[in-house]
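Student: Residues or ranges marked as Fe cation binding site by TrEMBL: Cys97, His139, His143. Annotated active site per TrEMBL: Glu140, in sequence order.
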Amino acid sequence: MAVLEILKIPDDRLKQISQPVEQFDDALRAFIDDLEETRCDGPAAVGIAAPQVGHFQRIVIVDVSNTRKPVPNHGHMILVNPEITHWEGFEMGREGCLSVPDYTGNVIRATHIKIRAQDSWGNPLEYEMEGYEARAVQHELDHIDGMLFIDRVVSRRTDLFQRKVYQKGGKAKK
Ligand code: NI
């Protein structure tokens, strides 16, 4: 296992669209282990996407098991080839990102989504989710399409906020 280097803005590789995973083999699972170790390095991020470490395949990890938000959630998820199949509602919320270390921003996301994905063995997964978990998944799925939350803020003048110091237990990064 290894902690991988995180690409940060303005690295143009973060805009690259990732390719679907076709082989569910040991190399894939070894990469997912490294991606998870990278997510948990330092103050653990809520989510991470493969392209954030320069690996352009459609793989994300989201773990909202430590959130204080009361809505039930699915805890730790490894999502390979994830797709959103249904969106409902919208609300503004604050986001951060390992690839955008100096800022947080207000982003509008769907409040309820349904997703389809595969696990690391290729088995099909289906989840329905809402609130913070739905936001985290939408944020990570953007990464595999080359999008960052700063591309979605309504106004860079009023909706982007400079982080002062990164505090342990503070705003979660994704
Ligand atoms: Ni991110």
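Backbone N, Cα and C atoms are what each Cβ position is placed from, and that goes for glycine too.
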Student: Non-local Cβ contacts of His143 (Fe cation binding site) (under 8 Å, 6 or more apart, same chain)?
Tutor: Leu14, Ser18, Ala49, Pro51, Gln52, Val60, Ser99
Student: In angstrom units, rounded to an integer, how far apart are the Cα atoms of the residue listed as 'active site' and Cys97 (Fe cation binding site)?
Tutor: 9
Student: Note down the number of other Cβ atoms within 10 Å of the Cβ of Cys97 (Fe cation binding site), including every protein chain shown.
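Tutor: Around the Cβ of Cys97 (Fe cation binding site), 28 other Cβ atoms lie within 10 Å.
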Student: Would you mind checking how many other C-beta atoms are within 10 angstroms of the C-beta on Glu140 (active site)?
Tutor: 25
Student: What number of additional C-beta atoms lies within 10 angstroms of the C-beta atom of His139 (Fe cation binding site)?
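Tutor: There are 25 such Cβ atoms around His139 (Fe cation binding site).
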